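Marked as ATP binding site by TrEMBL: A:Lys7, A:Tyr8, A:Gly9, A:Gly10, A:Thr173, A:Asp174, A:Tyr179, A:Lys209, A:Val210. Per TrEMBL, the feature substrate binding site maps to A:Thr47, A:Glu74. TrEMBL lists A:264-335, A:344-409 with the feature domain 'ACT'.
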2 protein chains.
Amino acid sequence: MALVVQKYGGTSVGSIEKIKAVAKRAIEYQQEGNQVVVVLSAMAGQTDSLIRLAGEMAPSPDPRELDVLISTGEQVSVALFAMAAKAMGYDACSLLGFQAAIHTDDAYGRARVHDIETERIMMELEKGRIVAVAGFQGLDEHGDITTLGRGGSDTTAVALAAALKADICEIFTDVDGVYTTDPNICPKARKLDVISYDEMLEMASLGAKVLMIRSVEFAKKFGVAIHVRSTFSRERGTMVVAETKDMEKVLVSGVAYNKNEARITIRKLPDRPGIASQIFDPVFKAGIIVDMIIQNTSEDGLTDLTFTVSKSDFHKTMELVSGIAGSIGAEKVMGDEDIAKVSIIGVGMRSHAGVANKMFAALARENINIMMISTSEIKISCIIEEKYTELAVRVLHDAFGLESEARQE
Amino acid sequence: MALVVQKYGGTSVGSIEKIKAVAKRAIEYQQEGNQVVVVLSAMAGQTDSLIRLAGEMAPSPDPRELDVLISTGEQVSVALFAMAAKAMGYDACSLLGFQAAIHTDDAYGRARVHDIETERIMMELEKGRIVAVAGFQGLDEHGDITTLGRGGSDTTAVALAAALKADICEIFTDVDGVYTTDPNICPKARKLDVISYDEMLEMASLGAKVLMIRSVEFAKKFGVAIHVRSTFSRERGTMVVAETKDMEKVLVSGVAYNKNEARITIRKLPDRPGIASQIFDPVFKAGIIVDMIIQNTSEDGLTDLTFTVSKSDFHKTMELVSGIAGSIGAEKVMGDEDIAKVSIIGVGMRSHAGVANKMFAALARENINIMMISTSEIKISCIIEEKYTELAVRVLHDAFGLESEARQE
């Protein structure tokens, strides 16, 4: 008998009929001899409308109370799920964050799971019940409701799978797995059978929105095997697992892109110690996340500094930086919102030279100019003009032969 | 410094603007030097739409899960209230049933409050916060969510007032107090300054929907003074308190009516021991509440039995009773849905004869036929034809001089 944790996202529980379908699926798993814990998100659109309601009440609603408000979305889902299963003649029971004893810190809106007491869940499972746990929510040490941030139900599922020592954590979503790249812009995109935690982390942070980053970190930390698959089909999806020797044979596993960045360049900055910290200190203090940073070698004691932030932070950052740049005697500050980041990801590139060159050459053949480059052990990212994004993705997908499962050397 | 519990019903918190107004009102009370606990219902219409949603999921939804679902309504209200108060610059905090430690039995959908641990609420009050407690909900001994039934927020407020030893429990509603009768059908209806618990109980059970019956029982048991008043004005409403000597000077305090009853008569029933229990046993077992029962003196060993049930139970009761009546040899069963009950209520009638006669005479003057009569210590009820309801109410209101505060002898 296996213990399975299944997470169904907002589109999978978006209507009464869909919740019934999800209940049927969970029941089938149980009938096959498994113990089943389902983690549900709020019905599609619910969280957004609750946030809108809060926005009507106050321009920046109190974070503790916002969590009390938006956690009702998942509460509705699990109650309806358990009703559905019981109406079909099977025993089921909903549990909220405080009942499932999902303990978090008190960072409302983006709380982190500390630990889960599994007694209540195990007791319900042993009664033969399907246990429906409200995703996204937990309880801090004061007994107050917290939420885990966007996509937090993924984290709930993985954390539960770890705490319950589940055999598998299945993430049901509206796509049927993790692809080599976005099939909407590259028809040759191929579903991956397997991907390592680290590759998945890079894919996720680069804009492939299949799994919440934190849930993958959690899975990696506790060795939880994740199966990403479609709610609407029976086909096998993509396994997200620890890295194996075999994986290194593949140089590049996927191509990701992100159109949500903007670039800021400070020209002719006096190149002296402490200047970078002077620039970035107010930016970090404003809670703005800087992605890539590049500083050119200095000439005549002057240098250029370029960095990227998300588009939503662009105007605020330009304001902050323009002020400082003036005061420290830089020539000017330039901003550019029409950029995109394309990246290739693969654990295999660690042990192979020449991957970067192959990427640059492929882009060059299409006359796509590279504005910035950044690399990690298993990733190479280039900033390019936004209008070339789709072309670049297709070109790189071709260059590394991602449409076939054959090795790409 | 007084401790005030204020309950605001669904229409009082029916929109963002109304919740803001309620928050302002609670803040004013606090600024006057009071500690303030507010108990909120779900925004008007919310509970009904959640029940509809459950109905779409299952014809008779699981009661435990239904409580999990519908308790979200009050959760939304208290979160929005606390956001509103905080956005106005005052400290506030929402507490749900499990946080306010409102312990109940596990009769889902109609749970009874056992006890309330007040530590958390007192702690928040001592921090200078306005505490917004979700009405209608509690927690059973298994740690599961329960609800207290329709109008349960009144009970939450009274129970909290009792547990916190509050100085007053204010019930804010969309009417400005308790009236001598329904002002919609009797323009001379007068707002009462004060009414006893027992009179209020009779008024409530007879269809005056100002307060939930159970909350009045609770208030009586623990001696909680209730002030029923309007959310939308500053005027004094009606105090519901323990009976005083003064109250007995008034023979009749109010006239109530109830159009929601139906009458069933069994003709020429063999009059032998055990026959009534044979008739009513299946009715009670089906959970049907019988209100009035009348059995005439027997003639030739045959008698007539008449009783009333609520209109919603009428058809089911007719079916049940017709079966039994046939099997025990009664002549026939007759039903009548076009009836109403009008009642006069007053603690003063205990010590005065002639009140009943005055009532019968007043109805007779208008040629209103009395079909059934039932009396208690402080109430006389008559079943009449439904079409005379409004006329009867006005006639009785006049006959007992209820439009003036003068004594009515």
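From the backbone N, Cα and C atoms, a Cβ is placed for every residue, glycine too.
Note: TrEMBL annotation is automatic and uncurated.
A:Tyr179 (ATP binding site): 21 other CB atoms within 10 A of its CB, across all protein chains. In this structure the C-alpha atoms belonging to A:Val210 (ATP binding site) and A:Glu74 (substrate binding site) are separated by 19 Å.
Considering only the binding-site residues A:Thr47, A:Thr173, the Cβ with the fewest other Cβ atoms within 10 Å is that of A:Thr47.
Remark: secondary structure over the domain 'ACT' (A:264-335) totals 28 helix, 27 strand, 17 coil, with classes taken from DSSP. Taking only the Cα positions, the spacing between A:Tyr179 (ATP binding site) and A:Thr47 (substrate binding site) is 27 angstrom. Look at the binding-site residues A:Glu74, A:Val210 and count other Cβ atoms within 10 Å of each Cβ; A:Val210 has the fewest. In the shown protein chains, 21 other C-beta atoms lie within 10 A of the C-beta of A:Gly9 (ATP binding site). For the domain 'ACT' (A:344-409), the mean pLDDT of the prediction comes to 90.
Note: the domain 'ACT' (A:344-409) comprises 30 helix, 14 strand, 22 coil (DSSP; helix = H, G, I, strand = E, B). You'll find the Cα of A:Glu74 (substrate binding site) roughly 16 Å from the Cα of A:Thr173 (ATP binding site). Counting only the Cα atoms, the space from A:Thr173 (ATP binding site) to A:Thr47 (substrate binding site) is about 17 angstrom. The C-beta environment of A:Lys7 (ATP binding site), restricted to residues of the same chain at least 6 apart in sequence and closer than 8 Å, consists of A:Val38, A:Val39, A:Leu40, A:Ser41, A:Gly135, A:Ser153, A:Asp154, A:Thr156, A:Ala157, A:Cys169, A:Glu170, A:Ile171, A:Phe172. Counting in whole angstrom, A:Gly9 (ATP binding site) lies 12 from A:Thr47 (substrate binding site) by their C-alpha atoms.
Of all residue pairs in A:Lys7, A:Tyr8, A:Gly9, A:Gly10, A:Thr173, A:Asp174, A:Tyr179, A:Lys209, A:Val210, the annotated binders of ATP, the farthest apart have Cα atoms separated by 21 Å.
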